[in-house]
Amino acid sequence: MNFPQTRMRRLRKTEAMRSLVRETHLRPEALIYPLFICPGEGVRKPIRSMPGVFNLSVDEALKEAELAASLGVGGLLLFGLPAEKDELGTGAWAEDGIPQTALRAIKRQSSLKSLVTIADVCLCEYTSHGHCGVVQRDGDHYHIDNDPSVALLAKTAVSLAEAGADIVAPSDMMDGRIAAMREAMDEARLQDTPIMSYAAKFASAFYGPFREAADSAPQFGDRRSYQMDGANMREAMREIDQDIAEGADMLLMKPAMPYLDVIRAARERYDLPMGAYQVSGEYSMMHAAFERGWLEPERTMMESLLGIRRAGADFIVTYFALEAAKVLA
Ligand code: PBG
């Protein structure tokens, strides 16, 4: 009789056996939960395109943070929605700005000590035009002016680190921002605050729902002159090389699911801690299928996160953080 000599199924027989030989694991501590902070008190405004995600005033954000801490989630990624926007995005570095206020409140609460606070550094939520940098207009044409943008972003990083961010995470994709932020923070005696660079951030349709959540859609044009072309792997490696040379302490890849190959390539090439951002569109498309009964919520969510881990991400920024932490508990 010619039986197969190797029977892979021997090790799949029971859950105990499968568990023994499992190669990749998810942990709540390696999940980061994004929060969208808005002005006011008692505000918990649902975001239409992201079921289960809200704009939260600082007091409500503290409650959400308590929940995250109690579930063992590793950290928070903070975004601010200012009451007013202007041409330069001055709200981004205001001492009493929205994320600054939230950071101070979180840091005052000892029950939230287990959470690493990460501040997104960008201008798009704060500018009236919704671009991530300074807009120069010339008749019908416009361009995003790199170097003046970098100066404002560095100021923003200092302001967020001063307010208590454990990590600053620039997501603007201007050239030279990491070096400028490192220098500005060092000068402000913030030499011990690490920078997590969104090193390879692609111009993606999957950010659509976020722009509703953060009210940050560009009012004209798009972000393709600063975010990366989705076709380019080698360029992603150059972006990362550049950010490491400028002093990045950690890397963040974004989006996750359509770019798992880039995450894998970066994992093999670089030794820095690296996270991946499962972005708004990835979350919302799964949710849409859950709502129609087309995909099973828990298994789909966990499989999507496991795939990102297996690709090589050490940690994952995800809107599923609380739900996934509950499953892992
Ligand atoms: C800010 C920023 C964006 C996201 C994170 N930081 C939006 C963008 O670049 O348009 C997207 C996150 C998400 O989609 O969940 N620049």
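Even glycines carry a Cβ here, placed using N, Cα and C.
Because TrEMBL annotations are produced automatically, they should be read as predictions rather than curated entries.
Among the features that TrEMBL reports, active site, schiff-base intermediate with substrate is placed at Lys201, Lys254. The feature Zn(2+) binding site is assigned by TrEMBL to Cys122, Cys124, Cys132. Among the features that TrEMBL reports, 5-aminolevulinate 1 binding site is placed at Arg211, Arg223. Taken from TrEMBL, the feature Mg(2+) binding site applies to Glu239. As annotated by TrEMBL, 5-aminolevulinate 2 binding site applies to Ser280, Tyr319.
Overlay of TrEMBL annotations on the structure.
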{"residue": "Cys122", "record": "Zn(2+) binding site", "Cβ contacts under 8 Å, 6 or more apart": "Ala92, Cys132, Leu153, Thr156, Pro170, Ser171, Asp172"}
{"residue": "Cys124", "record": "Zn(2+) binding site", "Cβ contacts under 8 Å, 6 or more apart": "Gly89, Gly130, His131, Cys132, Asp172, Ala214, Ser216, Pro218"}
{"residue": "Lys201", "record": "active site, schiff-base intermediate with substrate", "Cβ contacts under 8 Å, 6 or more apart": "Ser171, Met173, Gln227, Met228, Leu252, Met253, Lys254"}
{"residue": "Arg211", "record": "5-aminolevulinate 1 binding site", "Cβ contacts under 8 Å, 6 or more apart": "Gly130, Ala217"}
{"residue": "Arg223", "record": "5-aminolevulinate 1 binding site", "Cβ contacts under 8 Å, 6 or more apart": "His131, Cys132, Met173, Ala203"}
{"residue": "Glu239", "record": "Mg(2+) binding site", "Cβ contacts under 8 Å, 6 or more apart": "Ala199, Ala200, Met228"}
{"residue": "Ser280", "record": "5-aminolevulinate 2 binding site", "Cβ contacts under 8 Å, 6 or more apart": "Ser49, Met50, Phe206, Tyr207, Gly208, Pro209, Phe210, Ala213, Tyr319"}
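A Cβ within 8 Å of the Cβ centre of Cys122, Cys124, Cys132, the residues given for Zn(2+), is found for these other residues of the same chain: Gly89, Leu123, Glu125, Thr127, His131, Gly133, Ser171, Asp172, Ser216. Of all the Cβ atoms in the protein chains shown, 25 others lie within 10 Å of the Cβ of Tyr319 (5-aminolevulinate 2 binding site). The recorded positions near ligand 1, defined by a Cβ under 6 Å from one of its atoms, do not include any of Lys201, Lys254, Tyr319. In this view, Lys254 (active site, schiff-base intermediate with substrate) is surrounded by 24 other Cβ atoms within 10 Å of its Cβ, with every protein chain counted.
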